[in-house]
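J.: The structure's right below; bear with me while I get my questions together.
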Amino acid sequence: MSAERAGGGQGRRRDGFPSCHTGVTAYAARGPAKDAAVQKALSHDRDITLITPSAPMKAPTHGGRAKCLQRLVRLELPVPRTVALSFDAVHRIASGDLPDMNGLLSSFDEDALLCVRPSSEDPDWGGPSAILNIGMNDARYVALSDEIGHEAAAALYLRFVQAYAIHVARLDPDQFDEIDETGQAGLSAALGAYEEEAEEPFPQDPAVQLCEVLRSMARAWEGTTARLLRQAKGAPVDAGLGLVVQEMALGIGRGECGSGVLHLVNTETGQPQLTGRYLSQSQGRDALRQRHRSLYLERDPRGPSLQDKAPEAFEQLIEYAHLMRRRLREEMQIEFTIRGGAVHILDGVRVERSSRAALRIAVRMAEDGIISEQEAVMRIEPRAISELLHRQVAPNAQRVVIGRGIAASPGAATGRIVFSSAEAQASAARGEACILVRRETSPEDIRGMHAAVGVLTERGGMTSHAAVIGRGLGLPCVVGAARMNFEIHKKTLVGERGRVFREGDVITLDGTSGAVLEGSPETVEAALDDAFQTLMGWADAARDIDIRANADTPADANTARRFSAQGIGLCRTEHMFFDAERITPMREMIFADTPEDRQAALAVLLPMQRADFTELFRIMEGLPVCIRLFDPPLHEFLPQDRAGLRDLAEALDLPVSDVTRRVESLAEYNPMLGLRGVRLGITVPEIYDMQARAIFEATLDASREGAPVVPEIMLPLVSARREVELVRTRIDAVAAAVRAERGRSFTYRLGVMAETPRACLRADEIAPHCQFLSFGTNDLTQMTYGLSRDDAGRFMSDYVQQGVFSEDPFHVLDVDGVGELVATGAHRARATTPGITLSICGEHGGNPESIAFCRDVGMDYVSCSPFRVPVARLAAAHIALRETGVQRPARL
Ligand code: PEP
Ligand code: MG
């Protein structure tokens with residue numbers, strides 16, 4: 001080690017910034033009056049503060065770490081002396097305005113080594129790496145060698161030189177990372193490399209070292225890459241950085257010395273579990289990095305433990321950890337050192353955790369009386385729980401992304417690629433999991449979707465057929481993956497980077513993120529455990545808007561019950577007609593030339609529909625069930641290819657040419673705006689008559705066995721009052737007929753789907769003719785924007801990226817436009833019919849942001865896909881609790 005190095009190092013900088021010429025500092029001696037003296041010395045700069053119990057310190061000005069350290073100090077934990085630099089101070093440092101280094105250094109013992117750590121407002125926003133052992137120089141090395149030995153002193157110095165060279169002087173990291181020697185040899189190599197690369201000796205003056213460390217950390221935070229990174233994690237553009245400078249309690253020295261990390265929970269499950277490691281003669285997070293050498297904390301059959309080695313220190317640590325959990329009201333990860341047997345707490349950060357663990361931690365905290373039940377509810381992000389309802393790609397799994405689309409239905413699914421519904425069914429029959437890959441899906445794909453474990457489409461958005469059905473079935477689904485190449489006829493799928501996948505190749509869909517992955521990455525199971533049920537119970541007690549489910553099938557209804565939906569808000573009946581045994585009478589009905597022929601076909605369908613509804617009523621056990629009468633464009637029921645036309649011709653005993661002509665005559669240029677919904681009910685009224693009869697007969701059948709059923713019948717695509725009057729008259733007649741035939745009474749509620757702009761605008765005159773109005777915001781969004789639900793996926797991501805739309809309006813309700821129509825409709829309906837029930841049944845009903853809007857306009861309930869029900873229950877609870885002043889606590 002060259003003696004000349006001592007005192008050197010205040011050389012020029014290459015970045016044009018002024019160098020730190022502060023001179024060697026005389027540190028003040030530690031004493032009982034030290035705190036007061038330090039506070040006085042720092043008092044001229046209110047942005048540099050010694051952390052004491054009463055120092056003015058807040059997360060929004062000094063960052064979460066500084067605030068947390070103060071809380072540890074208030075708990076009288078053995079935290080080494082720490083000084084906090086505010087966001088303003090750090091911002092000034094970044095622009096070259098340096099604080100008084102002498103004043104800062106005089107806060108600490110003269111021969112102390114220091115470390116600097118970042119302190120951003122939210123720890124998740126990250127920050128530059130901590131730098132340890134500031135103050136190490138040749139002289140200190142010599143002095144420490146006497147105390148702790150050459151090798152140990154060299155290790156401290158080497159760690160500092162490496163960190164300084166890479167993060168502060170910004171020298172080539174490889175040069176320093178690749179130093180294989182340890183101890184004195186490693187130190188000489190590092191100092192030599194530094195001098196060669198930096199063209200100046202390693203700085204020896206602690207004031208210069210500290211000054212450069214502070215400046216480099218301040219400037220790193222303001223760099224573009226760091227800014228973009230933290231913005232991606234939700235940080236505002238002007239997020240500030242604080243820094244904490246702490247005297248080091250060295251984990252290297254005589255007696256039992258070492259460092260470690262500890263927390264009290266399992267980060268995957270949230271169950272209590274003392275976790276962490278300890279390593280003698282180490283510092284920082286060495287104990288975690290060198291697991292083969294480190295000790296378990298608690299006595300453990302796998303190897304030696306801190307509990308055996310230093311039982312008193314261990315007991316002390318556990319006591320501190322429990323105190324922190326109780327008083328900081330959070331599961332904390334503690335960084336500690338032991339020096340000569342005494343414990344020092346260096347830092348505490350909120351334990352990172354999976355969504356499942358977050359939920360259990362919140363519940364346990366409330367059960368232990370540390371936080372209230374309401375606060376536990378507020379601690380869980382509604383969106384995060386949708387992860388718990390489905391199997392997920394494991395957070396640490398290897399992911400090879402081959403494409404991306406819209407994350408339309410959450411969860412992970414792995415299977416072999418198939419390109420048609422028939423292949424999907426064949427695959428399911430063989431017991432092989434498959435992913436159905438289609439350009440887009442249509443009602444004819446329903447059976448294939450039931451057979452598949454996941455669905456991937458090239459086209460479509462959040463409310464396209466595949467997305468709506470996928471969510472209903474709880475089937476992971478990625479739609480609108482337009483940058484992949486779907487060669488359905490060639491039976492190939494080409495990834496975004498040109499990788500070709502064929503039928504039978506295994507892929508995985510991550511419907512939570514929208515990624516399409518190669519092969520079968522590791523997954524984790526859904527977690528509807530006791531903690532989940534407990535938290536949802538607390539959420540239900542807090543919310544003040546009802547949550548129903550959109551459910552079409554018994555399976556959906558069972559899922560809705562499992563997730564405690566308060567009824568069915570939308571049962572789409574058209575999906576009930578795609579089964580093989582039903583599609584033919586349905587087609588016969590469409591092709592019927594006379595009312596008699598039509599009645600004959602409908603008579604075949606009636607018992608099937610009655611059985612469908614009876615089953616739903618039974619499952620829902622008296623909870624409300626809202627059945628929407630037939631909605632889809634008729635042509636969806638017609639065959640699309642030659643084979644289908646031939647089959648139909650056979651069934652109808654007609655020539656293929658006749659059938660083809662009839663199919664062509666039913667084709668529409670714009671089926672979504674054609675003969676749909678109530679228009680069909682008015683022009684071909686027998687269909688609605690049959691459905692109403694099936695509903696009423698099922699009502700009587702189900703009421704005989706269980707709780708009385710009051711069915712709700714909903715008319716789709718209404719745009720004029722007269723439509724409601726006409727249909728209501730017929731349905732009333734059917735009800736009267738069924739009552740007379742069965743000799744039993746029942747009531748029903750009639751409602752209108754407000755899903756055309758005109759229905760919203762004329763809600764005042766429609767409302768008196770019905771008992772409820774449900775806003776169908778899928779169609780309403782489509783018609784308000786003039787934007788096709790099925791085609792919007794092609795350009796939606798460009799539109800959102802370029803800021804034309806702030807969000808996909810099919811996903812998050814457009815409060816400004818569509819919302820104004822909804823609010824107008826709600827207001828006008830209530831003006832003429834105050835007791836009318838208002839709700840939403842479009843996909844937005846499950847969206848946390850949209851639920852707040854629905855509640856504000858006075859809706860009685862929202863209805864969404866069964867798998868979104870828990871998210872909606874929790875989101876509704878958050879909204880109600882926030883209004884009563886319960887806030888989500890700031891992150892530690
Ligand atoms: C709607 O339009 O919002 C709705 C719920 O109906 P569908 O999605 O079936 O058109
Ligand atoms: Mg609709």
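Glycine residues also receive a Cβ, built from the backbone N, Cα and C atoms like all the rest.
TrEMBL: automatically predicted annotations, no manual curation.
Predicted, not measured: the structure shown is a model, and the values here were computed from it.
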J.: So TrEMBL lists Arg572, Arg628, Gly776, Thr777, Asn778, Asp779 for substrate; which of Glu596, Glu650, Glu755 goes with them?
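T.: Of Glu596, Glu650, Glu755, Glu755 joins Arg572, Arg628, Gly776, Thr777, Asn778, Asp779 in the substrate site that TrEMBL records.
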J.: Do me a favour and check the Cα-Cα span between Asp779 (substrate binding site) and His465 (active site, tele-phosphohistidine intermediate); whole Å is fine.
T.: 13
J.: Same chain, not part of Arg572, Arg628, Glu755, Gly776, Thr777, Asn778, Asp779: whose C-beta falls within 8 angstroms of the C-beta centre of the substrate site? Give them in sequence order.
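T.: Result: Leu570, Asp631, Pro716, Met753, Leu780, Cys841, Gly842.
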J.: Those recorded positions, Arg572, Glu755, Gly776, Asn778, Asp779, Cys841: which ones have a Cβ sitting under 6 Å from ligand 2?
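T.: Glu755, Gly776, Asn778, Asp779, in sequence order.
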J.: Can you grab the distance from Thr777 (substrate binding site) over to Cys841 (active site, proton donor)? Cα atoms, rounded to a whole Å.
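T.: Distance between the two Cα atoms comes out at 7 Å.
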J.: Validating a neighbour-count step here. Other CB atoms within 10 A of the CB of Gly776 (substrate binding site): how many?
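T.: 28, counting other Cβ atoms within 10 Å of Gly776 (substrate binding site).
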J.: Greatest CA-CA distance (Å) over the residues Arg572, Arg628, Glu755, Gly776, Thr777, Asn778, Asp779 that the record ties to substrate?
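T.: Farthest-apart Cα atoms in Arg572, Arg628, Glu755, Gly776, Thr777, Asn778, Asp779 are separated by 15 Å.
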J.: What does the structure give for the C-alpha distance between Arg628 (substrate binding site) and Cys841 (active site, proton donor)? Integer Å is fine.
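T.: Given the Cα positions, Arg628 (substrate binding site) is 11 Å from Cys841 (active site, proton donor).
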J.: If we check Cα distances from Cys841 (active site, proton donor), which of the recorded positions His465, Arg572, Glu755, Gly776, Asn778 wins as closest?
T.: Gly776
J.: Specify the count of other C-beta atoms within 10 Å of the C-beta of Asp779 (substrate binding site).
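T.: Around Asp779 (substrate binding site), other Cβ atoms within 10 Å: 25.
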